[in-house]
Amino acid sequence: MTQLASSYDPKSFETDLYEAWEKAGHFKPSGTGEPYTILLPPPNVTGTLHMGHAFQQTLMDALVRYHRMRGYDTLWQVGTDHAGIATEMVVSRNLALEGKGETRDSLGREGFIGKVWEWKQQSGDTIERQMRRLGTSADWSRSTFTMDPQPSAAVNEAFVRWYEQGLIYRGQRLVNWDPVLKTAISDLEVESAEEDGFLWSIAYTLDEGLSYEHVERDADGVETLRETRDYLVVATTRPETLLGDTAVMVHPEDKRYAHLIGKSVVLPLTGRRVPVIADDYVDRAFGTGVVKVTPAHDFNDYEVGVRHSLPMINLFTPVAALNENAPERFQGLDRYAARKAVLAELEDLGILVETKAHKLQVPRGDRTGQVIEPYLTDQWFVKMDDLAKRGLELVEDGSISFVPPNWINTYRHWMNNIQDWCISRQLWWGHRIPAWFDEATGSCYVGRSEEEVRAKHNLGSDVVLNQESDVLETWFSSQLWPFSTLGWPNEQAMAERGFDRYLPSSVLITGFDIIFFWVARMIMATDNLVGKIPFKDVYFTGLIRDGQGQKMSKSKGNVLDPLDIIDGITIDDLVAKRTGGLMQPKMVEKIEKATRKEFPDGIAAHGADALRFTIAALATHGRDIKFDMNRAEGYKNFCNKLWNASRFALMNTEGAAFTGVPRPRTDAERWILARLAATTAEAQGHFAAYRFDLLAQCLYEFAWNAFCDWFLELSKPALNGADAADAESTRHTLLYVLEALLRLLHPLTPFITEQLWQQLAPRLGLAETTLSLRPYPTAAEFEGDFAQAEADVEWLKAVISAVRRVRSELNVAPSKLVPLRLQAGLEQDRVRIERFSASLSFLLKLDSIQWLAEGESAPPAAAAIVGELKLLVPLEGLVDLDAERVRLDKEIARVEAEKEKSETKLAKFTDKVPPAVVEQERVRLADWNTQLAGLREQRAKL
């Protein structure tokens, strides 16, 4: 075994340790014990590891390692998603950069898909390599790609079954259409933002010589206009769509227009007659109370159109130019050119009543930035009503638990307002829909293969069948992830991969932003297709933001690459990474300036453990999580402190060979074992509640404060003392507690704990070859009758802290011996002083400890109070009296402030506060009063 390095350098061992773990097969399921399964939300195969991935994967890995150490049969199922649209865009962009003139369309379907597979082979494992660097202990031999044969077979099976159940149908519906990508996209891929626009008011002439009395009133209800009109005024932000209007509507209870319901208006620029209909959707108080209805180009109008059986006129081509349904003079115009032409004609006709500035929500595709068009096309859909009803039941009856539970309300709202799901996409990369059309008749057949279709429907070789060209949207295959990865529907594969053993999984860790698009659909699909729940718990994480609370994005130039935090990056490389390939070149200078200001020296290497511990510490149950680099620096220091503490332990136990549980001889040993038992119980509770932030906090406090700051100090008198038995016992306890601490920390910080444990294990006679196979600590391992020792050592700590504070404030050199005089106090204080005199003398550098006799005057001294006990450090030869007066005044002010806080807290307590809490605060207040009296008395003497 090589000697532990003198300084903490994570780069020197993290990669080697990971390779050793993986080579030894430690990440594979053991096949014994209770199963514990986690599904990785499959990242896009196009992607690289970002902070959101690192955040979720750290928490998943902590749970997997924790349960593996507890003897569970752990399976962490990983893989990647084919990411239809994103992948097509990346490959198309790469083709353009190659400069060979090849495009998606010039290559054709098969040629382009071949290029996609080539690209996938080159870069598809990038994100998995990055996950390894983070320390994820997944079973890589089971890694699955959603386009692999097995999950592809599952996709076909699910489609066919749902089609046969009547859940999948083909029909015309409105979808979100991206005119650049020329495909439908999901709601998740649409980003709406407020933009400046216009609201145009247009006169629609009433048919058949109809008229009505139009009245306008001001805010006070005073009539300002009364006239007879033979036209209705409608307002729109999209005047070009009036060419596709099939009605105008009013509220059924609007008396102004009651006699016009069922009549017609003449549609401007077309001469078509469209009806005046009544619908509750209309807001009578907005504008004139008359609304145009364009069912093929507005989602709300579509619903109105369905209710009233209105014609649906699609005006646009797939690239958002006007098609043959528009008047000939507008055909072929881009939608924005058509808008200008329509407005010009309306103005020439004198029926453009008003134009005014208007704020409106504009939906844009998240990948192209283009305005999304509500578009009427033939698409494949899944009927959602019955699936959603069952999906909601499984959460509301507790079969599946949400953490935090408030997300149930969001889930319920969506499930109660669900729409049929458009599952087809006009792409080439993805799972091609298993449907075939008869070239002669247009009849559609669905089956697992063309051969199955022909056999089932008795179609001879003379019948020409063409497969549907559309592919399924990515979420269709993703919803099958819980069971397609376990071999479904192939029975042999299901048996080999442990379908019955590992489904349902134990917990899903994912972002709340895909609760509808993925979580809900997995619940519905798993229940319907295999009769199980997909997972028992869902833990929703917040979204990672930068230190100022801003969303991390390439365009903002504030993205942090987790690998840069782990391995470090120079400032020039960081600037290049943040500014390269920006869609808005004008942002380059601004981003470079901000980056150089925030990271003047680049980002130092922190190691994987420091990043992982930072993530755990930040993992609150809130919606947003601010990532603060200062926290990462702090936890790097934590790792460094743990390293140095381990070096201390190893240097003081050279040649040691212990076995079993130590039998503590000193109070310091008993105290640290009691703290260890309490910390272990607390840690297990936090794991069970998914409170990673509190877990990190309690382990940090034990490691830094209890173990490093106090136990190592308190062990020094025994290690350096004359009592050989005390020294030997302390050495055993030192190693024993450190080994337990490494086990406690291992799920969060696997690398440093493994590296240190390898040095420690031989001295404790441990048989395991790796820390990852050691059992996670239980509180019962460390419990004992240590209550008195705990109280005694807490008193000792208070005395040491008080005297050290005095020495520090007096600027007494650390090596200088000083006397300590004691006054007042209880009998218990005298017993403890006697008991701990050697430790006090050693740790406080005291040349003498003496009690003042009752009634004896105290010399001029710096004073501190612990309970009833007054601690006096005589000032003669140490300090001038003026400085001590200043010090005492500051100490009195501090204690007065604490006393006031305690009094305020007691005054605010209500009847609902537990009596024990009230009593605890009263005791605290009494202690402050005692300290204050002693300090004032000492000040009076000076």
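For all residues, glycine too, the Cβ spot is worked out from N, Cα and C.
Per Swiss-Prot, the listed range annotated as motif ''HIGH' region' is 43-53 (candidates: 43-53, 208-218, 901-911). Given the ranges 146-150, 446-450, 551-555, 666-670, the record in Swiss-Prot names 551-555 as motif ''KMSKS' region'. Sequence-distant contacts of the motif ''HIGH' region' (43-53) (same chain, at least 6 residues past either end, Cβ-Cβ under 8 Å): 80-83, 86-87, 90, 120, 123-124, 126-127, 130-131, 134, 145, 511, 543-544, 552, 559-563, 627.
Note on Lys554 (ATP binding site): other Cβ atoms within 10 Å of its Cβ, all shown chains, come to 17. According to its DSSP assignment, Lys554 (ATP binding site) is coil. Secondary structure by DSSP for the motif ''HIGH' region' (43-53): 3 helix, 1 strand, 7 coil.
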